[in-house]
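Asks: I have a structure I would like to understand better, so I am pasting it below and will then ask my questions one at a time.
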Amino acid sequence: MDGSDIYKAANSIRLGSLRVGSSSRASSLRNGSTSVWRNSGMDAFSKSVREEDDEEALKWASLEKLPTFDRLKKGLLFGSTGPSNEVDVDNLGPDDRRRILDRLVKTADEDNEGFLLKLRNRLDRVGIELPTIEVKYEHVTVEADVNTGSRALPSFINFHIELVEVLLGLFHLLPNSKRHITILDDVSGVVKPKRMTLLLGPPSSGKTSLLLAMAGTLAKELKCSGKVTYNGHELHEFVPERTSAYISQNDVHIGEMTVRETLAFSARCQGVGSRYDMLAELSRRERDANIKPDPDLDIFMKAAATEGQEANVVTDYTLKLLGLDICADTMVGDQMIRGISGGQRKRVTTGEMIVGPSKVLLMDEISTGLDSSTTFQIVKSLKQFIHILEGTAVISLLQPAPETYDLFDDIVLLTDGKIVYQGPREHVLEFFESVGFKCPERKGVADFLQEVTSKKDQQQYWMRRDMPYRFVTAKEFAEAYQSFHVGRKLATDLATPYDKSKSHPAALTTEKYGLNKKELLKACTDREILLMKRNSFVYFFKLFQLIVMAFISMTVFFRTEMHKRTLTDGGFYNGAAFFGVTLLMFNGMSEISMTIAKLPVFYKQRNFLFYPSWAYAIPSWIMKIPVSFVEAAVWTILTYYVMGFDPNVTRFFKYFFILMLVNQMSSGLFRFIGALGRNMIVANTFGSFGLLLVFALGGFILSRDDIKGWWIWGYWASPMIENVLAYNKLVAELEEMVTRMVFETYGVEKYLDAHRKMVTYLCRGMKYRPPVENETNMGFVPHTDKDFITVLHQNGVNGLEVKARDGEWFSVELVPSSYIVMSGDAAMAWSNERLYSPFHRVTMNGKESRYSIAQFSFLEGIIETPKEFVDEEHPLLYKPFDHLKYLDFYNKEENRRLECAIRTYCGV
């Protein structure tokens, strides 16, 4: 079994231990962890020299008897006074964490090294070897094709020219007019573990590209060749984004979150890595060797290895380490929100990545905005971490102070895409003296290295006065370095392949994300809830705006002034419904700005594999559902009955549900537009255009007949098919009025309420085209409706024919503003044939198409003939029947040819 398989096995043991009993957990961890955490050769059975009183010894003995899984959750916590208490690390409070951290690291610049040494000594006592990573890059070349001059400006014209050039370039119809530049030119090197490496170079020398190449996150638009390996493994063999931590020089954070919340979310998403497996093996070996660790250190390590708690204890430690504890509960801030200073924001960027379990740190210009003292303190803390815990670090600094420069072990000097020097800091001046350049005594070495390759400043450092000076290029420096003894040693290291068998199984991360899907979704959901609370003013203001507009609308569309007599009256109801839908749509437009504000953070954290896109998008949608519910409920409750809409409670809830869906649709639409535009100007332009399309093609401003054929797709795609919504309401009222007339005419109005509770509707639009040559003019075959009551409306093209009781067919001439009401089979059976279900058909004779829309009413339940319809003259003709089952009966092919399907189905 190779190292990666062992590592996967160890992880599966840890995950599996969460699902089985305590005893099996302990044995599984003991069996699996020994192969992962190697013995460094030290005496694993050296006795603890720590003296303890009897009471503490008894408490510790009780902890040692627990199964491994439970033992890793328990610890002894000393209060400010009094004896120690047994605590569960999952339940550590803020005060407990603060006391533990104060005892371990009282002052970051004084106590951090002692804390790390204490942690390392605990591991060394039982012979646990820490994972180390050697990063090797060989013949790495990065190139790009870019526009220059005015063509590089992001203008409207340049965008379309670029689009045309790309399309023509795909077919090799147009030569490439872009300028070809080389960012990195065949660079090679090795970054050793346990050594601090300083990356120096003037601006535009390729430092960021080199760090991105080592992190495996170079932009896809760049042309990259060469090879980068971690412990001999190429980037495709593991997950480099989680094995290394690239710290950008751009400070991209959510301004509404505090410093502590920002780091805690990062720690939570990155997970604990291999800490849990290491701690399980450490605990087992200490128990076998009868070693009792320091209680505070023990609780700290257990909390740092526990998912959920690592977002607290490691966050607190990182805050203290970076000097951010004084502003931990201050908002990060942005251009519109006052927050922390620029230097503190830069430290937040650093802390966001080092708070995770990554073993390789690639830090790009972390000193921007920091004073030299703060930079020195941060670099000093990082050096202690790298040297003591055997990490790997490459740190890019522009102009480090001399005391900061002296903290580094190795120097990489990059100029014009070439590595001029890479090796120990002690030999860098020796190299430049060998090619004729000397650093003055009172000159900072870092400043000298930045200037010695510059054409403007190089001459002042020329030391060979007996020889004429000439400018030495970066290429010549690189060639001279190859013959220098440090360069020859580096060439030997590059030629020697890394022995993969020596790579620690836990060194390289093979899992794409630090948490499982459920925990990732929970983490993103918690953050979304937090941001909604911070942006609560927006949601309360939207609700206040909705209430104000509701009261204005109620005065405009007041029910005492809203009649139901003519088609014009129906237009008023149509307008009232349209205004409500429009307002709910506009209320979702605030999503554009909130989405764009969070996009840079989303892209950064997604690329660093904090979470997948779906884990970010789903909470953004789910958390907006209650907002849509409240907004739609407030509008519906305030306006529905005041405006005089149908009082049926079912339609009230349908209206509310439609408005809620429209609000959800608009929120999703504007989030999509914001994500697509990525810029407020572009997003607002597209958002306004999208609203214009939805309104214009929704069926209210332009009727369906006025919409051009090539735009008809927008009519059906629009969520505001307002004419259908208005038609359903108006026709439902007409159907209800006709039904009431029928019930009252026959004296059975006592059954009306029960009947109304059973009614459901189906609305259907139909088109009948004119016949073509050699085609009959029959548009629809003769049939009866299978519903209870049908309300039919058509355009100006006639064609409906109805068969009377005497068997004669007659044409029905309708104007567009009128309706026809017909009873169906269910009404005929219910009335014991007092009502007639007529046969009808459609014939087409002209050259215009006929459009009609019909609303069918069905009854959910058993239909039974009232006793008032049965007497000696009218004996019972139909048995009670289920209306919906009758439809299933009729839908069978053999039953469609029946003369009267209802009599066959339930006739007496």
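Keep in mind that glycine also has a Cβ here, set from the backbone N, Cα and C atoms.
In TrEMBL, annotation is done automatically, which means it is predicted and not curated.
Take a look at what TrEMBL says about it:
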DOMAIN    161-441  domain 'ABC transporter'
DOMAIN    759-861  domain 'Fe2OG dioxygenase'
TRANSMEM  537-558  transmembrane segment
TRANSMEM  570-589  transmembrane segment
TRANSMEM  621-643  transmembrane segment
TRANSMEM  655-674  transmembrane segment
TRANSMEM  680-702  transmembrane segment
Asks: Please give the sequence-distant neighbours of the transmembrane segment (655-674): residues at least 6 beyond its ends with Cβ less than 8 Å from one of its Cβ atoms.
Replies: 577, 580-581, 584-596, 599, 620-621, 624-625, 627-629, 631-633, 635-636, 640, 645, 683, 686-687, 690, 719-720, 725
Asks: Is it possible to list how many residues within the domain 'Fe2OG dioxygenase' (759-861) are helical, extended or coil according to DSSP?
Replies: 6 helix, 47 strand, 50 coil
Asks: Over the domain 'Fe2OG dioxygenase' (759-861), what does the predicted model average in pLDDT?
Replies: 85
Asks: Quick test of the contact rule: Cβ under 8 Å, at least six residues beyond the ends. What residues does that give for the transmembrane segment (621-643)?
Replies: 525, 528-529, 532, 539, 542-543, 546-547, 550-551, 553-554, 557-559, 562, 573, 576, 580, 583-584, 587, 591, 652, 655-657, 659-660, 663-664, 667-668, 671
